[in-house]
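> Pasting the relevant annotations from TrEMBL:
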{"type": "DOMAIN", "residues": "B:43-573", "note": "domain 'Cytochrome oxidase subunit I profile'"}
{"type": "REGION", "residues": "B:1-33", "note": "region 'Disordered'"}
{"type": "TRANSMEM", "residues": "B:108-138", "note": "transmembrane segment"}
{"type": "TRANSMEM", "residues": "B:150-173", "note": "transmembrane segment"}
{"type": "TRANSMEM", "residues": "B:193-217", "note": "transmembrane segment"}
{"type": "TRANSMEM", "residues": "B:229-251", "note": "transmembrane segment"}
{"type": "TRANSMEM", "residues": "B:317-337", "note": "transmembrane segment"}
{"type": "TRANSMEM", "residues": "B:349-374", "note": "transmembrane segment"}
{"type": "TRANSMEM", "residues": "B:386-408", "note": "transmembrane segment"}
{"type": "TRANSMEM", "residues": "B:498-519", "note": "transmembrane segment"}
{"type": "TRANSMEM", "residues": "B:606-628", "note": "transmembrane segment"}
{"type": "TRANSMEM", "residues": "B:687-712", "note": "transmembrane segment"}
{"type": "TRANSMEM", "residues": "B:759-780", "note": "transmembrane segment"}
{"type": "TRANSMEM", "residues": "B:837-856", "note": "transmembrane segment"}
Amino acid sequence: MARRQWTSGEADRAEFREERRSLFRITVAPTIWALHFAASYAVAGLTCARLADDGPDVVLMRLVIGAGTLVALGLIVWLGWRSWQQWDASDEGRRLDDQPTSRDRHRFLGHAAFLLSIVSFIGVIYTVLPVLLIGSCL
Amino acid sequence: MTSDATHPSRAGRGNPEPIGTFPPTEEMLSEPVPEELARAQEERLRKTWETPKGWRYWTAVNNSEVGVWYSLTAFGFMLLAGVLALLMRVQLAVPDNDFLSAETFNQFFTMHGSAMMFLFAVPMFEAVAILILPAFLAARDMPFPRLSAFGFWCFVIGGVFVMGSVLFGVAPNSGWFMYPPLATKAEGLGSDIWLLGLSFIEVASIAAAVELIVGVLKCRPPGMRINVMPLYAWYVLVVGGMILFAFPPLIAGDFLFEMERSFDWPFFDPERGGDPMLWQHLFWIFGHPEVYIIFLPSIAIAAMIVPTAARRPMVGYSWIVLSAVGTGFLSFGLWVHHMFTTGLPNISLGFFSAASEAVVIPTGIQIFAFVATLMVGRVRMSLPMLWIAGALAIFTAGGLTGIMVAIAPFDWQVHDTYFIVAHLHYTLFGGMVFPVMAGVYYFYPFIRKQTMSERLGRWSFWLTFVGFNVTFLPMHLTGLKGMPRRVFTYPGDIGWDWLNMISTIGSFIVAAGILVFAWDLIRPKGHQPTPPRNPWDAGTLEWTHDVPAENWGTRSIPYVTSRYPLWDQPKLQERLDAGRYYLPDAAEGLRETMITSVIDARPLQVLRVTGPSWITLWAAAFTGGAFIVPTFHIYWPAILSAILAVACIIWWLWTSTAQIPEAEHKDVGLGLKLPIYVSGPEAPGWWGVWITMLGDSTAFASLVFGVFFYWTADRSFPPEGYPFVDMGLALGGAVLLSASWAVNLWVRGTARRQSAMQALALAMLLAIGGAAALIASAALPGLDPTAHVYPAIMWALIVWIVAHVSLGVIMQGYCLAGFAFGRITARYDAPLWNTCLYWHFLALQVLVAVAMTALLPRVL
């Protein structure tokens, strides 16, 4: 079979290869938010409904959700840091990423992932507020 | 010449690679096409894409035809649902009115909500997307045109059936969210009509989602990388993904609900361990994301109109992407805010209250990006922009009351009052109706090659805008004064009468505005001069359309290097028209479009898409029969109808998809030759199966959620002393089905036709044996699904798996026949890849189902 001769319009570096996985990667931070949200809801539901025979163990619930929150926030911060690096992957600093080049596409995906990790971070904080503020099942 | 640019397509043994040059050089692009040749090409393209004439017109599957039918039908249902609203407003205009009976009023509000949601808002998104998405992407058509047509006809049949029930006084009457026990115990056919009719339409929605996701990911023009694709495509991608996770829980809920209605399986009956709350959860896990499924694609229209009006690129493209994706995710964490008064623990309410506030962040960001674009641009207040401005004003007001009702204690005060009615209409009018109207004015010259009237448009806008506020602004107060929703009348001495009168007057002003719009839409415009090709000076590819109209979608498929190609690529239009870009010809007389890679839109394949056919209508008619006939509790004709529907779909796939081509490659122009037949993860069909099965797994996961829900909510689940599913038979079934999966996978790797056929026959037998073992595992120990919810949910999981195994066996049989008749070979093996992919998902579901039925209850 004849080999394609892709003429490349720019100096693609290896890291700018077509990132088929990176489209999914921008959804990782919000997925962590979703998992944290669902897990917190499940833990609270179990504590306050199913296992509430001798009075719900709120302290344990708050510890479990608190630990889960630290893990979720840690992961999101790490993802955010990685995508910040990806966004800044050039010598020119952060600028618009609207050119039809592999570099701009790479930076764009980094930028989108970075912004989504910020929103996810705030989302996780919001989720945990009721646990911090209420302190019981009520 | 760089090696990193090639990307391996090892999937599908021996998928051929593209040959030649990409991207095209400036020199290649400026090479003229001889006039003689160009004219011959145009003639061939025109003939290939010709719309059928006469009564065969209805066999058309082209996105431009189906999209117009789809949107007009949805608009028609909207007018009907609007008439119901007016009749209700007449009833409520004065106290103690007897214009409508209580029963009629119940049917009307149920149908008004159901029709606006299921027959107008969601289908309108699909309709508009089918109509304009290919144009944004300069694609000739959607990847699966017959699927769009099938979805449309399903929608028409289901919609007419559901809507028609109002005329016979048997419409559903339990509210658009059909809460049990009211809805499960309701007399008559209403609840069944709602469930089966709308399930049918939900299937059509998932079909559209598959089509649109594959369209965005695989049908972009060469060069249109993911960071330059139009924002509209981003929104469609997000919404398609949301549909896959939002609609399936409702389908699972419908399945449980109908099993209770038809066969007395007590899923929502507390006397036998059931729980009506499960329905509320499943419904709102669908219902809240659905609000955003309606909102995002409409705001996507705004995202196309705003840059055009501001005459500059959108400010903060990545921020809008963040906003769309972020809203898509967060909207799944809101569903319990519809259930604040159901007695859930307050801590649980707190989570949903917090998420409901958090969703404001991404939603707000996109509004600020729009406003920023308008501020830095040179705004031309065109008619579409006027509607968008109205939309932003109304939506923001609705968003502010949304923040109020997201706070649980406030919601307890106004729950089920007219305050909520006001809130939801502000969000839906601002978030959906106004942007869609803007879109109709904006895209009309593209769709019809005519313009709508500026004067009538302004009349329509001001009537609708003023009328809307006159109707719904007072309702906030009506609600705060305590008037509940859904009451058919009220006494005159408690201060609600004048507010209701104002609302009724306002509703007729809105109706006048909509009628002006409807008249403008359909009035003959033959005497008008043809509008310019790009009347708004927009920058996106839909305005490369042909005036007068041509059916080929695009004369040639351009090489795109900008977010706003018409602004930034000055020679694009001329070259596109001259046929200097890709696929300028239809030499074989077959409908073709280009498939490109997901991230960077590198050309991969020439996809031959399906053309006009009656089979989509037949398939939709029989599918309709399979859903509609059971409404009347008649089952044999329904089963027959289902079999015929499957037969139609098999015939359609057999005769028109994955045809073995006459050559491996096709010259698409500009020195590039692309493969015609591709199988495995490079092929759009494989993506279609993958996306469908993702949705299918979500529905299955909802059933699994049901098991855990019953366990959490009820201390005696599973009930003491009740028989378990037989462990040996269940595990045996899992082993047989896994063996079937493994044999199927082995076939994909073999090159020998004879052994492939024998193996497929074996796989079918193993699968049938496995399904039988699973049925026996519940039947032999005597699990009676009507006795208690525990056996009922066990049976529901088994019925689900057995139905899927049946489909899996049909697919294996299809592959067997394909080998026998030479339609499938070791090289041309796309159906085999798709069947294997289906079985991957099925095998996983089997393992989970066996764990849930045989193992889990023993542990619990």
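These residue numbers are counts, starting from 1, taken along the chain as shown.
Every residue, even glycine, has its Cβ placed from backbone N, Cα and C.
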> So if I exclude everything within five residues of the ends of the transmembrane segment (B:193-217), which remaining residues of that chain have a CB under 8 angstroms from its CBs? That is, six or more out.
110, 114, 118-119, 122-123, 126, 129-130, 133-134, 137, 139, 142-144, 147-148, 150-152, 154-155, 157-159, 161-162, 165, 170-172, 174, 178, 183, 229, 233, 236-237, 239-241, 243-244, 247-248, 250-251, 254-255, 257-258, 261, 598, 623-624, 627-628, 630-631, 684, 687-688, 691-692, 695
> Kindly state the mean pLDDT of the domain 'Cytochrome oxidase subunit I profile' (B:43-573) in the predicted structure.
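Here the mean pLDDT over the domain 'Cytochrome oxidase subunit I profile' (B:43-573) amounts to 94.
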> Using Cβ atoms and a strict cutoff of less than 8 Å, what residues sit near the transmembrane segment (B:386-408) while being 6 or more residues removed from its termini?
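Tertiary neighbours of the transmembrane segment (B:386-408) are 298, 302, 305-306, 309, 337, 340, 346, 349-350, 353, 356-357, 360, 363-364, 367, 370-371, 414, 419-420, 422-431, 434-435, 437-438, 441, 457-458, 461, 464-465, 468-469, 476.
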> Which residues, given as numbers and ranges, are at least 6 beyond the ends of the transmembrane segment (B:317-337) yet have a Cβ under 8 Å from it?
227, 231, 234-235, 238-239, 241-242, 245-246, 281, 284-285, 287-289, 291-292, 296, 300, 303, 344, 348-349, 351-353, 355-356, 358-359, 361-363, 365-366, 369, 405-406, 411, 563
